[in-house]
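What follows is a single structure, written as structure tokens, with notes after it.
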Amino acid sequence: MGSIKKTKGKSQSTKRVVTPEVFADQQARNQLANAPNLTEKSERRKANKLQVKKEQARARLYGKKKKESTYSEKDLDLPSLNKAVNPGVKLRRGKKGKKFIDDHDSLTLHRLIKTIGDKYDDITESKLEKDRRLEVIRELKRQEIERKEAAKQSQLEEKKDELKKKSSIARSMRRKNRRDQERDLHTTSNDKVQRKKKSVSFA
């Protein structure tokens, strides 16, 4: 607590001056006087002139340093607050949409039935059973791949046939046009010959 000091003068005033205990107490005042005037060191050291020149030269040669990229919550894809996150459920990113299969596509249906519960169901089976099941799945996948390859090949053959037909039609059209041109040239030359023949009339 500070000590209250009354001011004395010719006319006593009712003013009171409150002085801190540090200055009132002699021991405290001496300790304060002996303490060095320390200022807090700044976290960043001031750059040296030589260092600054070096950095400037480096910037001229190689360009400025890239600033450290700061990411927002949206970039980091953090879950928003007050939102329940279901454990084990991962939202799929990227391509959205469903892959539809034909109703009578038994191969794909069998493969899906065999593989759909592998990740989530705790199947207790022996190694031999597991190997058999995986072999069946592999066989189904192989058949699917073969079918896709056959479909691609048939599509390619159809395209080839179509191109062949187009080229043959174009070839026949070119031949026909050439024949027509030759016929036209022949008829025009015949007309010119007939015109050149002199006709003699007797009176």
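Backbone N, Cα and C atoms are what each Cβ position is placed from, and that goes for glycine too.
Copied over from Swiss-Prot:
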- 129-176: coiled coil (COILED)
- 27-39: compositional bias 'Polar residues' (COMPBIAS)
- 68-77: compositional bias 'Basic and acidic residues' (COMPBIAS)
- 147-165: compositional bias 'Basic and acidic residues' (COMPBIAS)
- 166-178: compositional bias 'Basic residues' (COMPBIAS)
- 194-203: compositional bias 'Basic residues' (COMPBIAS)
- 1-82: region 'Disordered' (REGION)
- 147-203: region 'Disordered' (REGION)
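Beyond the ends of the compositional bias 'Basic and acidic residues' (147-165), by six or more residues, the same chain brings 107 to within a C-beta distance below 8 angstroms of the stretch. Assigned with DSSP, the residues of the compositional bias 'Basic and acidic residues' (68-77) fall into helix, strand and coil as follows: 4 helix, 0 strand, 6 coil. Each residue in the compositional bias 'Basic residues' (166-178) gets a DSSP state, and the totals come to 13 helix, 0 strand, 0 coil. DSSP labels the residues of the compositional bias 'Basic and acidic residues' (147-165) in these numbers: 19 helix, 0 strand, 0 coil. Taken together, the residues of the coiled coil (129-176) have an average pLDDT of 90.
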